[in-house]
Amino acid sequence: MFRRTLNRLCAGEEKRVGTRTVFVGNHPISGTEPYIAQRFCDNRIVSSKYTLWNFLPKNLFEQFRRIANFYFLIIFLVQVTVDTPTSPVTSGLPLFFVITVTAIKQGYEDWLRHRADNEVNKSAVYIIENAKRVRKESEKIKVGDVVEVQANETFPCDLILLSSCTTDGTCYVTTASLDGESNCKTHYAVRDTIALCTAESIDNLRATIECEQPQPDLYRFVGRISIYSNSIEAVARSLGPENLLLKGATLKNTKKIYGVAVYTGMETKMALNYQGKSQKCSAVEKSINAFLIVYLFILLTKAAVCTTLKYVWQSSPYNDEPWYNQKTQKERETFQVLKMFTDFLSFMVLFNFIIPVSMYVTVEMQKFLGSFFISWDKDFFDEEINEGALVNTSDLNEELGQVDYVFTDKTGTLTENSMEFIECCIDGHKYKGTTQEVDGLSQTDGPLAYFDKADKNREALFLRALCLCHTVEMKTNDDVDGPVEGAGFTYISSSPDEIALVKGAKRFGFTFLGNQNGYIRVENQRKEIEEYELLHTLNFDSVRRRMSVIVRTQKGDILLFCKGADSSIFPRVHSHQIELTKDHVERNAMDGYRTLCVAFKEIPPDDFERINAQLVEAKMALQDREEKLEKVFDEIETNMNLIGATAVEDKLQDQAAETIEALHAAGLKVWVLTGDKMETAKSTCYACRLFQTNTELLELTTKTIEESERKEDRLHELLIEYRKKLLHEFPKSTRSLKKAWTEHQEYGLIIDGSTLSLILNSSQDCSSNNYKSIFLQICMKCTAVLCCRMAPLQKAQIVRMVKNLKGSPITLSIGDGANDVSMILESHVGIGIKGKEGRQAARNSDYSVPKFKHLKKLLLVHGHLYYVRIAHLVQYFFYKNLCFILPQFLYQFFCGFSQQPLYDAAYLTMYNICFTSLPILAYSLLEQHINIDTLTADPRLYMKITGNAMLQLGPFLHWTFLAAFEGTVFFFGTYFLFQTSSLEDNGKIYGNWTFGTIVFTVLVFTVTLKLALDTRFWTWINHFVIWGSLAFYVFFSFFWGGIIWPFLKQQRMYFVFAQMLCSVSTWLAIILLIFISLFPEILLIVVKNVRRRSARRNLSCRRASDSLSARPSVRPLLLRTFSDESNIL
């Protein structure tokens, strides 16, 4: 125990430097040198938050950081230390209940984490020690240990692959538990250790690994291994993410591997990813905090008023010191200011229940339990991936009903990301794969169907480029889980585009046969096998927007093949070759196809020696490796020869257009942020109806700006011109703007990445902010915006700009790829698509769904219902507590401001915990104030709740005045009834506690029946909790007043409730007061039902007369209480 603690404490020492050195097998390099074991953390995984010793203090500290909990703690301490009118139990017991329930919930969740940690930490692993396999517990693995992992086992820590049972030193891994990707990934051993396949040979290895310090990026690793043999100098090889096996990943289709541990325990990438995303706060939470401040002010005002009036009332000697209650000498000598302060605190305690202590717990339970409805929704289930929706955080359920802006990726989100090779052009000549029917069978018309033929050698060169320049892997069907291509093998790649291009080349006679021992094998049109030595791969990245390979032919020629976006390739090829291809690229983009340009160049041997040295040096760098590689790549990929371009079709997702239309009808602004070229993205936007045929497009692109020599001057002119046009067309208010979308000319904006950079980073003094301001004004007036050629960080920049607009609009981002993660994390709500580009977006999102079409129901139905439910819950909590405390306040005017409580301590304690908590919880989980089909069919209903409509000042005042009216009725109704002696048969008048019990009975029944009136969607659960709560109150009152409790000093409630109900007059009084309290609500229901029926009849007559289809009119929800939609009346 002490050693583990010491290890964890000392583990930070090695973080002082930028890299760490690992001795493979924990062997010294030279037998003559002493070996000192390094201090790294052990392999224990600790995902739990608490221990047995720190649970109580740590949990209490976290809970009392909440304003309401801390407030009630202060009230409790005041009750304990000051002579207050109520027992400390009245505030202490509810607080204890809330704290205990939360602690039990969090403790149970942490216990589950402890149990899961122990299962991992105690699992058996095999370590190579002294040329033998030694069985150990996983937590005992140390950095430098060589670990043996067998098929279908999970890697116990982050390992560098040394060797595998395959001859080429590869292994296949699935990382579903890390990033959700179920497809196999290939990892590679260093070529110098491939042959070390036995425990003896592994134990004889002397090597060191230098690598970066632990960091959470799953897809980044920088290191190098130095292997020492009989020679004096070590052989150094670079290490990258393809050599690293991550903890939590599973070995597949490989019998056995050996790897050396480089990161263990809490320093593994999986453990570093445990940390949660930045906390997002919903609009409802902000409203709750604002309401708490308002009610705290009301509480302070009540206490101040009562304290002041008490001393005004006591200014009369008879009132201050009556003959039957003379003050003691000590009371007379007490400092007056201290007495006033003590009285103020006493009134604070008396009225403290105006702040709902249990609301936070109820809100948490509502969010947690409510999130299951999304996961259980069968409409979100996708048979293709056999998965449904997933909720990664339940804190933002209601935020789904408040979205103003939707930012969506294009590829894989609006489109299927299922690529098909359509056509290509070679040296400006168009080639298209055509088919013809022969005896009912479809077959390709020759290897290449062409419209104008290029040189035969150029055709072959182009197709060879498609077969060589990619990261596709060929696997036999036995090595692959899932669907196969046929013919005994399948293609696997992280990019569907590359698979489509390789398949396209295969269709036209050139077949990629895989990569064996560093040689790429290609079968040409003559069925001959060609082999190319793969010298270097210059991987694709979103900044360069291209990738390259350097290969050596069988004749010894060294060639570079490069493919990428036209904007990336054209500046790097000879200018006279561009025009031949550019027209085809633009035409294909207009047709909605994804285009890539292909280029090559021959590298002289002398140049290659220099290039090779630069690449090796950059790959071996441990610091700034990416920047150094990028610099070398930039130098290599110049002066190329353009061969041609490809066109790949990415079909629109099912119901993508309908979803866009529904979001538009709901008043949401949809922006498409994509890295594709403008023409392709523009075509997709028309196809998915983001742009309508009558939409006037405003362009801020490189093409429109380059018409002038001074780009910034031209940009300024366009911005001013567009702003004038839009301000003249549309009114200023946002609300009228949404109506104007259907009444006036619609405008759409197109902007590309370079123009956005010019707007944000203008060289003119102070013009950048001015450009940004004008640009945002234009965007706000457009119904749709297309941002093309966007880098990932630019996507996040745009989301951040909109978030910071005046009014703080709620933003939602949806995407499927790693390049969408930045905008998903930046927006208020992040949605990940479980797509074909991995699961990085889904893993970093708040919610994940299989398809873009599911966004419609997620927002229009679930978002709408969640918001209405929790908004009603919040308003109801403050309403019922104001109803509860107002009679207590009014009672002080009739008891000389003596701080006499109106209710018994048991009622004060149980009101929020037992009598009124379950009905509102059931309502907030199950209520459907509008039918789900109606919400789906009429997206305009969504507009009625946006802008946090139900928690604005209007609804807040409505609920507050309603509570004030009902609280006044409770008190004065009972007060005036007490003026007569007819309540008892013997003429006796009820006392103080009977008076308070009648008020409390009317209160409990009224606030519960108010919720029953508000309920439209009745289930057996609603019936059970509503009528059950009322029955429990009656039962408890009989039980509490029917027994003499020995632990109570005073038996003031003994037989009060039973005697009270023996009077028929009391029964009638209670029923009458409940009816008077609810009468305005009932009257509102009747009036609005009549108006609704009248509106329906008029609508039916209008439909019959003019035969026009129209959606039902929608009543504003700003002041709704939902009682008008009750099924009771």
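Heads up, the Cβ atoms here are built off N, Cα and C, so glycines get one too.
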For the annotation transmembrane segment in Swiss-Prot, which listed range does it cover: 84-104, 147-167, 252-272, 546-566?
84-104
Per Swiss-Prot, THR974 shares membrane side with TRP1018:
no
Given the ranges 779-799, 989-1009, which one is assigned the annotation transmembrane segment in Swiss-Prot?
989-1009
Out of 339-344, 963-968, 1113-1118, which range is noted as motif 'Di-leucine motif' by Swiss-Prot?
1113-1118
May I ask whether the transmembrane segment (1067-1087) has at least three C-beta pairs under 8 Å with the transmembrane segment (953-973), counting pairs 6 or more apart in sequence?
yes
For ARG594 (ATP binding site), just count the other CB atoms lying within 10 A of its CB, please.
25
With Cβ distances under 8 Å as the criterion, find the stretch in 84-104, 906-926, 1024-1044, 1067-1087 that has the most pairs with the transmembrane segment (989-1009).
1067-1087
Need this for a regression test: binding-site residues THR411, PHE540, ARG594, GLY675, ARG789, filtered to those with Cα within 10 Å of ASP816 (Mg(2+) binding site). What's left?
THR411
Contact between the transmembrane segment (288-308) and the transmembrane segment (344-364) (at least 3 Cβ pairs under 8 Å, separation 6+):
yes
Based on Cβ atoms within 10 Å, give me the single least packed residue among the binding-site residues ASP816, ASP820.
ASP816
Pop the mean pLDDT for the topological domain 'Extracellular' (1088-1129) in here, whole number is fine.
51
Going through 344-364, 877-897, 1067-1087 one by one, which has the most CB pairs that fall under 8 Å from the transmembrane segment (84-104)?
344-364
Fewest other C-beta atoms within 10 angstroms, as judged across THR411, ASN819, which are the binding-site residues:
ASN819
Work out how many Å separate ARG789 (ATP binding site) and ASP409 (active site, 4-aspartylphosphate intermediate) at their Cα atoms, rounded off.
12
